[in-house]
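J.: Once you've had a glance at the structure underneath, I'll fire off some questions.
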Amino acid sequence: MNMTKTAMLIALMTVMFMSIGYLLGGGGGMMIALVIAVAMNLFGYWNSDKMVLRMYNAQEVDERSAPEYYRMVSGLAANAGLPMPKVYIIHEDQPNAFATGRNPENAAVAATTGLLNRLSPEEVAGVMAHELAHVQNRDTLTMTIVATLAGAISMLGNFAFFLGGNRENGNGVMGVVGTLLAMIVAPFGAMIVQMAVSRTREYAADKRGAEICGNPLWLSSALGRIARGAKVIPNEEAEHNPATAHMFIINPLSGRGADNLFSTHPDTDNRIAALEQMAAEMGIRSAAMTARAAAPSQNSGPWGQRSDNAGGNSNGGSRYRGPWS
């Protein structure tokens, strides 16, 4: 993962934010924008995890309330050498998952009931390993900063539109041009930067997640099924809060309008191809069939009481022992 590139992109967003502040209030406005950006990121650093979990009405679970799901995450965290994160369930039909938290010691992972119901245990393990990889790579903090700055830039762009820019510094045509730049170009640029940061980190999390769960094909199979599910099962909460879309393993937005054109995630087929190549290099060829052959569970799923097919393969079980066993 290129941390230098990420730092440069975040710096670029900060410059955009300060530039809009300058258009609104000259040098003083620029400094105020900088102070606001710092304050928002400090607030996001300490509170972003609580905010997003509350936004999606996530329910915290433990070994008693969700034994198999909790133990799976515990085993994967041990594989990764991470502290045990808090574990959440989101009551949402669309299969998806995300991680949040400012550092590995204050991390949380969340999966939707749609994910736990529709995917095999192997696939769920691949997904949760991917989310733990984000925690280990500290992507959750980076993306919180990026999302905060992107939201702030859009907010200031709207202010510039309504206020018409700084009257003293932007009269006539230049004032109109400056306002248009603040209203359209800066938020658009912030969105592009946000996507660039998100996409580079997804590939790294896929690779590390495959290492954590031990089988890249579990994750590749899961990505395909989640992507198909996201196209036909809307996530209403995500549609209302599109700034959080980058947090999920697959873009939860429905694809209406410009969602597909400006995706926060790399192309799913490219991610699957990279994982399949990784599996081939590891000499793993048959695990994908085990995962893909598992019928979607319509029972209690691997987070609650053990269902008949919770092991993933009703024909004698999986050849591969996963961390849920």
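Cβ coordinates come from backbone N, Cα and C, glycine included.
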J.: Among E60, E202, E236, E237, indicate the single residue that Swiss-Prot lists for the Zn(2+) site containing H130, H134.
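T.: Between E60, E202, E236, E237, Swiss-Prot records just one in the Zn(2+) site with H130, H134, namely E202.
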J.: Given the recorded positions E131, E202, and counting only Cβ atoms in the protein chains shown, which has the most within 10 Å of its Cβ?
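T.: The residue with the densest Cβ neighbourhood is E131.
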J.: So if I measure Cβ to Cβ from H130 (Zn(2+) binding site) and keep only same-chain residues at least 6 apart in sequence, which ones fall under 8 Å?
T.: A97, A205, D206, G209, L219, I249
J.: Same chain, not part of H130, H134, E202: whose C-beta falls within 8 angstroms of the C-beta centre of the Zn(2+) site? Give them in sequence order.
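T.: My list of surrounding residues reads A99, E131, A133, D139, R201, A204, A205, D206, G209, I249.
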J.: When a 10 Å sphere is centred on the Cβ of H134 (Zn(2+) binding site), how many other Cβ atoms does it contain?
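T.: Total other Cβ atoms inside 10 Å, all chains included: 27.
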